[in-house]
Amino acid sequence: MAAGPAPSGGRARAQRLHLSKMERVVLSMQDPDQGVRMRSQRLLITVVPHAVTGGDVVEWLIQKFCISQEEALHLGTLLVQHGYIYPLRDPGILVLRQDETPYRFQTPYFWTSTLWPAAELDYAIYLAKKNMRKQGSLLDHEKERYDQLHKRINHAWDLVLMQAREQLRAAKQRRKGDRLVIACQEQTFWLVNRPPPGSPNVLEQGPELSCCAASPVQMTKSSDFYKQEIECCRKALGRARVKSSVCLEAYLQFSVQHRLHDPMLSGCLPGNPWITDSAAYWAVNSPTAAAPTKLRVERWAFSFQELLEDPVGRAHFMDFLRKEFSAENLSFWEACEELRYGGQAQVPALVDAVYQQFLAPGAAHWVNIDSRTMERTLEGLRQPHRYVLDDAQLHIYMLMKKDSYPRFLKSDLYKGLLAEAGIPLETKRRVFPFPRKPWHASPSPALLPPSGEPMVAGGPDGGDSVA
Amino acid sequence: MATDGLHENETLASLKSEAESLKGKLEEERAKLHDVELHQVAERVEALGQFVMKTRRTLKGHGNKVLCMDWCKDKRRIVSSSQVRRICCVTGEREHAVTMPCTWVMACAYAPSGCAIACGGLDNKCSVYPLTFDKNENMAAKKKSVAMHTNYLSACSFTNSDMQILTASGDGTCALWDVESGQLLQSFHGHGADVLCLDLAPSETGNTFVSGGCDKKAMVWDMRSGQCVQAFETHESDINSVRYYPSGDAFASGSDDATCRLYDLRADREVAIYSKESIIFGASSVDFSLSGRLLFAGYNDYTINVWDVLKGARVSILFGHENRVSTLRVSPDGTAFCSGSWDHTLRVREIWA
């Protein structure tokens with residue numbers, strides 16, 4: 001995959017998508033029919049045309065996008081902070097006030113995207129003009145930057161001063177109203193592109209990331225890349241697809257099934273720990289809880305995966321399998337998982353251990369795999385790697401899922417668990433600030449002995465109990 | 001030779017056009033089985049009520065832009081990384097803080113056991129730090145460099161154990177590493193630009209994961225073979241975040257084009273777009289609530305929008321951050337979600353109907 005130099009291509013350009021969208025919004029705001037109401041604004045002795053009030057801007061946004069007042073104010077503020085709308089009074093502060101405060105739309109010449117990136121030379125000229133117009137008018141941070149620029153582009157300083165003088169001279173020949181407006185526009189531009197210290201820098205894009213790919217203009221991708229894409233497409237064309245109606249129906253079912261288990265939709269008992277400041281919910285649902293809640297036990301019936309993922313569920317399933325004399329299936333599956341996700345160095349030893357325990361003729365926990373899979377597996381064991389037991393593992397997994405799991409759900413064991421399982425009482429919100437066990441003092445998993453024993457959380461808090 | 005160069009260009013051009021036409025055919029095939037839209041199917045589902053949400057914890061320990069965060073499996077601890085340092089914090093108290101040698105630590109992850117964390121960024125590496133409470137031990141001393149890329153590290157995640165790490169990088173590849181030895185187990189090539197995010201599938205049997213990149217593509221990979229299994233290219237800009245739907249049959253993506261999209265793996269197509277005209281800034285991070293009904297998305301305009309995944313409508317907008325939201329994750333048991341921002345804070349919020 002070839003890479004070409006792309007200083008302002010690729011990622012940087014993508015990150016400026018929002019600017020062009022803001023520009024579209026601002027343009028439609030200026031539409032003579034559908035836009036914001038324009039009026040002339042009197043400032044001291046000049047009259048500035050095409051001004052809008054902050055209140056009207058917010059109102060327009062509310063109407064146009066059907067959003068709340070809070071959101072409209074937020075969006076409007078972003079437009080101001082990016083320099084697309086500027087205040088006519090107090091031009092030094094880019095804030096949107098939702099009242100009669102007058103604003104104006106920035107001229108496209110000074111849009112951030114037009115002059116991207118803002119040039120050092122231009123900034124120097126701007127500061128020089130400000131300095132010349134009125135001695136001592138540069139703010140502290142501006143003085144600092146002015147001096148820094150002077151040092152950095154000293155060779156071009158005559159040009160800077162000359163340009164500054166020229167621009168000031170040209171400005172004097174304009175009407176007072178125009179001069180005021182242009183000064184505001186320019187000031188806004190520099191507030192956005194060179195924000196004063198302490199002010200948010202809305203144009204900050206993150207670290208200088210050298211993009212690995214060339215911009216779309218330069219076609220330097222290798223033929224390997226396209227060959228791979230073609231291969232991927234060909235395979236994709238051959239794959240079996242499922243009708244949308246079937247897939248989407250599955251979301252509905254999943255959503256309905258899990259609704260009661262989603263704390264954000266149905267709350268959770270005894271109470272959301274983040275609201276009640278009590279760790280009771282976590283204690284009751286801990287990985288080693290002796291008495292799982294009703295919801296938890298119900299969840300084991302949703303899918304085999306949910307059962308296996310819950311340590312308590314898995315333990316009960318193991319008990320059930322023992323009664324059926326097929327516990328070795330689950331043990332085998334667990335051993336295969338350990339192999340798949342284990343350290344590279346342990347692979348040979350683990351494969352051997354699994355073979356000895358589960359696959360060798362006369363093994364202590366011999367698993368019943370069909371002959372073809374067993375043959376393939378034994379063949380693969382000659383050169384053990386972490387995926388060598390995948391076929392066997394899948395076979396056993398499907399066996400458990402299609403056979404043992406449904407029986408488990410119908411078993412007395414499971415029905416008993418369901419009947420015994422309780423619903424925790426809701427924690428009453430503490431009214432008085434009794435000293436409470438701070439739940440963040442729970443032992444960090446990092447403190448546990450390396451035996452891997454799962455964290456044992458403290459018992460339920462206060463007087464809460466499971467019904 | 002001049003003629004060789006010409007020949008090479010022709011081959012390249014013809015390969016490119018072949019790829020384009022195949023992609024077109026693929027879209028046609030995908031469209032054939034698309035017999036209904038998600039919001040139509042969702043008409044039968046109850047609408048969600050009004051949501052009440054509150055910030056329950058505001059963590060200010062970083063003093064710098066927060067770039068990434070991850071929950072511990074114990075559901076209450078968080079690791080977060082920033083522009084300058086990486087901090088592992090309990091919600092409330094800072095338990096560990098380690099200074100990284102590089103700035104912009106863009107990725108961090110908690111190990112499933114809770115005993116280690118992984119992180120990396122502009123140093124092009126992913127390093128694993130075992131967590132220790134021994135005050136005499138310098139955590140940085142025990143650090144293990146696991147992954148080595150040729151460009152910045154954008155995302156990392158442990159697989160089902162502490163012993164393997166999956167990484168995504170600005171060098172356009174993803175890779176699977178053995179933590180103990182630092183050995184590269186598998187690499188994944190196919191993105192045409194920086195890879196920005198990845199997520200492991202909650203699937204019961206397979207090992208697949210999805211990645212999103214600057215080439216606007218979301219790609220699903222087989223971890224064992226290193227092959228791309230499926231690819232989706234409907235976003236109009238960089239994909240910043242991908243997250244699987246809880247059932248594993250779909251995944252959501254958030255992009256700089258200001259939309260979030262849902263892709264179904266069995267239907268092999270995009271099935272929903274979550275967008276609004278008033279949302280102009282890119283989405284930086286997405287995550288689902290436990291039941292998959294809600295999609296939380298953090299945006300560069302400092303807000304978090306909450307979407308009804310089935311009906312496609314936005315149900316809530318959350319303000320509060322004072323700079324772009326860079327990272328967002330729902331806690332493992334779905335009781336809260338945490339958002340990190342360039343305003344130096346992390347906020348843990350609960351929300352319910």
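Glycine is no exception: its Cβ is also placed from the backbone N, Cα and C atoms.
Sequence annotations record features per position, and here TrEMBL assigns coiled coil to B:9-39.
For B:146-187 (among others), the entry in TrEMBL reads repeat 'WD'. Long-range contacts of the repeat 'WD' (B:146-187) within the same chain, counting only residues at least 6 positions beyond its ends with a Cβ under 8 Å from a Cβ of the stretch, are 104, 106-113, 115-116, 118-128, 193-200, 207, 209, 211, 213, 221, 223-224, 226.
Feature annotation from TrEMBL assigns repeat 'WD' to B:188-231 (among others). Packing against the repeat 'WD' (B:188-231) from elsewhere in the chain are residues 151, 154-155, 157, 159, 166-176, 237-244, 246-248, 251, 253, 255, 263, 265, 268: each is 6 or more residues past its ends and has a CB under 8 Å from a CB in it.
Within the same chain, residues 23, 30-31, 33-34, 37-39, 194, 196-204, 210-214, 216-220, 279-288, 290-292, 295, 297-299, 307, 309, 312 sit at least 6 positions outside the repeat 'WD' (B:232-273) and bring their C-beta atoms closer than 8 Å to a C-beta of that stretch. Summarising the annotation, TrEMBL assigns repeat 'WD' to B:232-273 (among others).
Helix, strand and coil content of the repeat 'WD' (B:285-317), in residues and according to DSSP, is 0 helix, 19 strand, 14 coil. As annotated by TrEMBL, repeat 'WD' applies to B:285-317 (among others).
The repeat 'WD' annotation in TrEMBL covers B:318-353 (among others). Per-class residue totals from DSSP over the repeat 'WD' (B:318-353), listed helix then strand then coil: 0 helix, 19 strand, 17 coil.
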Confidence summary for the repeat 'WD' (B:146-187), mean pLDDT rounded: 95
The repeat 'WD' (B:146-187) - residue tally per DSSP class, helix then strand then coil: 0 helix, 25 strand, 17 coil
For the repeat 'WD' (B:188-231), the number of residues DSSP places in helix, strand and coil: 0 helix, 23 strand, 21 coil
